[in-house]
Amino acid sequence: MSLWKKTVYRSLCLALALLVAVTVFQRSLTPGQFLQEPPPPTLEPQKAQKPNGQLVNPNNFWKNPKDVAAPTPMASQGPQAWDVTTTNCSANINLTHQPWFQVLEPQFRQFLFYRHCRYFPMLLNHPEKCRGDVYLLVVVKSVITQHDRREAIRQTWGRERQSAGGGRGAVRTLFLLGTASKQEERTHYQQLLAYEDRLYGDILQWGFLDTFFNLTLKEIHFLKWLDIYCPHVPFIFKGDDDVFVNPTNLLEFLADRQPQENLFVGDVLQHARPIRRKDNKYYIPGALYGKASYPPYAGGGGFLMAGSLARRLHHACDTLELYPIDDVFLGMCLEVLGVQPTAHEGFKTFGISRNRNSRMNKEPCFFRAMLVVHKLLPPELLAMWGLVHSNLTCSRKLQVL
């Protein structure tokens, strides 16, 4: 072989060896190292759950459950981000053949048609709310059209604090919303909400309609969100947007409590019966709930719970079919865990006095002693807040803590 041919041959071999070495080196790197950015996460389609806790396809919700393989240890840790990105859930038309279903009122038929649609995409999210040392997360159920209520809360009891006092962490506030229930209003209110969220950065919103029966969706969406983004927050206060809250009393009450406790405190209703009168807002037909009474549950307005219990509550709720009354549904979830909610005199679901005309319902000295009072509209809330935090002299101090 001539010298020229030998030189060309050696050059080709060297180039081939270099190419193989570069290929091996590239394959040894992870995509994130090579591209300087992590690969996008693989999103699994969201599934609904039957009462026994087995995962099933939403379209097979009413069919017999099939055996499900045990989740891997990695899957049991739960998602690291909100993992529902699309809404693809059709009505369960199999119900139309059931005689008991055919006699139900339209709103209950609509609820049952889509009861298996459990989770929806997030439209507005603020995972940063739980970064750092957060002691108390204040969460308020609101409706997209009720900006005035959210604004009044931000100016009063929903004002955030850098410290809860006594070496405790921050107090942060979030509002929970769906979308406008009237289609013709949806675009307009969504634009206003986007501007509001740019101003305050305190709104969690999901892609379901804000209706009375969908308040239960708001409960389970928040619990799932909490499980993902707030794994270490010690305590949560959850309330409506028409209540008066005394944050000082809430924090004083929590001072001696431990986050590991089964703490669930509010105005607890025992042995409450389902309402069968069709003209009542809380009417429930026997076909939907046939028992004589509900499990104990905290009535409307607000309640306090430990963060560790809230995360267990998320998984307990996922073993039950949805129920159209959100407070009762949470009571059912607590029953699954074997946890009894605790009654406290500082939580007033029906005002300080059940007699709406009573002067007690407008007496600031009573409000100063309470934790939560339901219900007040924005002008009443602002006025009462000003009175409670004025140089008020009360003849005697109520002891409710």
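Glycine is treated like the rest: Cβ placed from N, Cα and C.
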Matching range for Swiss-Prot feature annotation, region 'Disordered', among 35-62, 63-90: 35-62
Greatest C-beta neighbour count within 10 angstroms, which of the glycosylation sites N94, N214: N214
Glycosylation sites compared (N88, N391) - the one with the fewest other Cβ atoms within 10 Å: N391
For N94 (N-linked glycosylation site), the one of N88, N214, N391 that lies nearest, given that the glycosylation sites are compared by Cα: N88
